[in-house]
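Peer 1: One structure coming up, written as C-alpha cells, with questions to follow.
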Amino acid sequence: MSAEREAAEVATVVAAAEAGPAEDVSSQPPSAEAMGDAQPPAASEGAAAAAPPPLRCLVLTGFGGYDKLKLQSRPGRSPRPPPEKLTLYLGVGGKNLILRGWILWGGLPPCLLISGLTLLCDGLSVFKVGDRVMALMRSGMWQEEVTVLSAQTFLMPESMTFEEAAALLVNYITAYMILFDFGNLRPGQSVLVHMAAGGVGIAALQLCRTVENVTVFGTASASKHEMLKENGITYPIDYHTTDYVEEVKKISPKGVDIVMDPLGGSDTAKGYNLLKPMGKLITYGMANLVSGPKRNLMNMARIWWNQFSVTALQLLPANRAVCGYHLGYLDSETELVSGVVTRLLALYNQGHIKPHIDSVWPFEKVADAMRQMQEKKNVGKVILVPGPEKEN
C-alpha cells in the first residue's frame, strides 16, 4: 500500500482532556513509536516555545498486579488540534485483565486493548470537526491523542451519551454476531448467557428481547438478578450457590439451543453437553484464567488441562456445532462489521437496546476500574476517561 493511500485511509483523531498537561508518573515516558504513532517532526528552535503540551497515556509496564499500569506522558503531536475539546471515553474489557496479569508468551504490548472509545475527528471526508463518533481499534488507545482508521469510525446517534458510545461497539457487536450470525437465533429458542451482568451479557439479554418468545438462562451473583430481570433474563442462576447445569435441565430437560461461552476450561464442556440437537456453542473468551490480580500457573495449567476438545467425527452423531469468535481478528472485515453496527444503531434509535454503565473512572484510578471488574462487582460496562477525577 502506498504512503499516500495509507494516509488517506487513516484519520488523525484528537481528544483533549479537560485539565492541563499532566506530570510524568514514571521515570521513562514511552516513545511515540512505542505508542503506535509516527514520531512527530522535530520542532525548530524558534518554535520550541510553541511546542504542544505532553499527552497522558496509560502504559502496561509489565505483567502482574495493578501496579504494572502506569500513567505516563509522551510528547504531544504537532500541530495541535483545533480549539474544540472532547473527552475520550474508553471501555474496559475482560481481555485487559488477561493481558495485564496472565499472558506468558509474546512481547509486551505498548498499550492495553480497549473495548470502545469516543473522540473528536479531523481530516476525514465523511466526517467534520466536531462530529461525535465511536471507533474500533485493537490496541494502543489508552491515551489522549489517537489515530484511527476511518473505516472503523462511526457517527453516534444524537441521543447517545459518550459513556453509552464507549460501551456499545465491542459489547453489542460481539453479542449480536454470536447470537445472530453464528447462533441464528429464532423465535421460541433458548440461550444460556454466562457472565450475564457484564457488558456482553447485558447486550445479549437486550438483543434476545428483540426476538419473540426466547428463553434466556443467565449466570450471575444473586445481588445482580433484579437488574438482569429488568433487562430481559428469564431464569437468573446464582453460580456461587447453584449448579447451573442442573438448574437448566430442571427447566429445560433437553438443554438449550445456544450457549455463549466466555469462560473456557471445563465450562466449555458443560456448555457443549447442554446443547439440544442442532444446538450451537460459541466460545469467545477464557475468563476462567483470571483468578486473582496476578498470574497463577497452577490455575492456568488446570484450565488448560480441562479445556474442551472435540473432533469432526464426534460432532457428526451429536448434531451440534462449536464456533469460535474474536472481534479483534475481524478488523479487516470492515463491510461485515459496519453492517452489524448499522443494525445495532437502528435498534438503539428504536429503543430496543441501551448500554448499561456500571461506573466511570479517571485514568488515575485505572487500578480501581480493573479491580471492579476482576472482583466481579460491576453490573454493566466499566468506563475509563482521560480527564482528572471531578469533585462531587
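Cβ coordinates come from backbone N, Cα and C, glycine included.
What you are looking at is a predicted structure, and each value in this text was computed from that prediction instead of being measured.
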Peer 1: I'm validating the feature mapping. Which of 1-49, 99-147, 197-245, 295-343 is tagged region 'Disordered' in TrEMBL?
Peer 2: 1-49
Peer 1: Which value does the mean pLDDT take for the domain 'Enoyl reductase (ER)' (64-384) in this predicted structure?
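Peer 2: When the pLDDT values over the domain 'Enoyl reductase (ER)' (64-384) are averaged, the result is 81.
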